[in-house]
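In what follows, a single structure is set out as structure tokens and then discussed.
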Amino acid sequence: LPVLWDPQLFIRDLHFDGVPVRIYLPREPSAGKRRGVIFFHGGCGIFGSIRSYERVCRYTAKKSDSVVVSVGYHLSPEYKYPAQTLECLSATVHFLQTADTFGVDPARIIVCGDSAGGTYATSVCQELVHRTDLPKIRAQVLIYPFLQALNFNLPSYQKNAFTAFLSRERTVQFILKYLNKDCSLKEPILAGSHVPESVNLKYRKWISPDLIPEVFKVGYEAPLPTSFSPRVHEQVPELFECWFSPLLAEDAVICHLPDTCIVTCGHDVLRDEGLLYKKRLEDNNVRVTWHHVEEGFHG
């Protein structure tokens, strides 16, 4: 679709370091440099586009008087993981380096994303914490992000197992499609057979139902123990990478992350991932704003 005219915005399709982007610039002259918002759309890396988030980005640019960059990273399976994360990172670095060109204050740039876009925003922030050659990301906005692939039996996965659009089974099915893996792995991954006991023990301090507030655990039942399958584990090493499961990042990275806004929804399998990341950030003295939409759902 062509870029539609907007009386309040200049809208342009560009490429940042080879990555397609659509940029929304307010027409009204500004007294100073504006904020910048880098937006990564959701869709599990296999759906979605710049066009499908057109209204969201227009609204954000107008209401916040910001320059919004919507990143059109290429989708799987044609572009294999981690191409999506790398393209989001490349586009972000390019914008940080050229912000002045668009009338943006480099010190007032945030990254934002929903669902898998929230994963990419998280990964970009983690990847950039030790870069001294770039302006620092001012904040990250994570809208019901996907953050871990170790435990699909957290309370929110149980409570919303059959919720429309993003059920528990469909979550793992999308993951396998995204990584171009055999869909027969779905059941053992749902059961947790892909995770060695040593890994479970290592990350229990960060990923555990025990860390979820009691108010969100009504009706929760601990799953039956499952046996580890080396065969399954060997086929999905990506699930244990920080680019795919940002909750696994070490405290040395987490403590340097910018101010964070996390949005969770009551009817969402990913609710608890946002809660767990919120706790991790707060434990590392990162300032967090949390919005919970009790009647909200994924998508």
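Cβ atoms are placed via backbone N, Cα and C, with glycine included.
Noted in TrEMBL for the protein shown:
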type	residues	note
DOMAIN	37-189	domain 'Alpha/beta hydrolase fold-3'
DOMAIN	242-299	domain 'Alpha/beta hydrolase fold-3'
Model confidence over the domain 'Alpha/beta hydrolase fold-3' (242-299) (mean pLDDT, whole number): 98
Tally of DSSP helical, extended and coil residues in the domain 'Alpha/beta hydrolase fold-3' (242-299): 20 helix, 19 strand, 19 coil
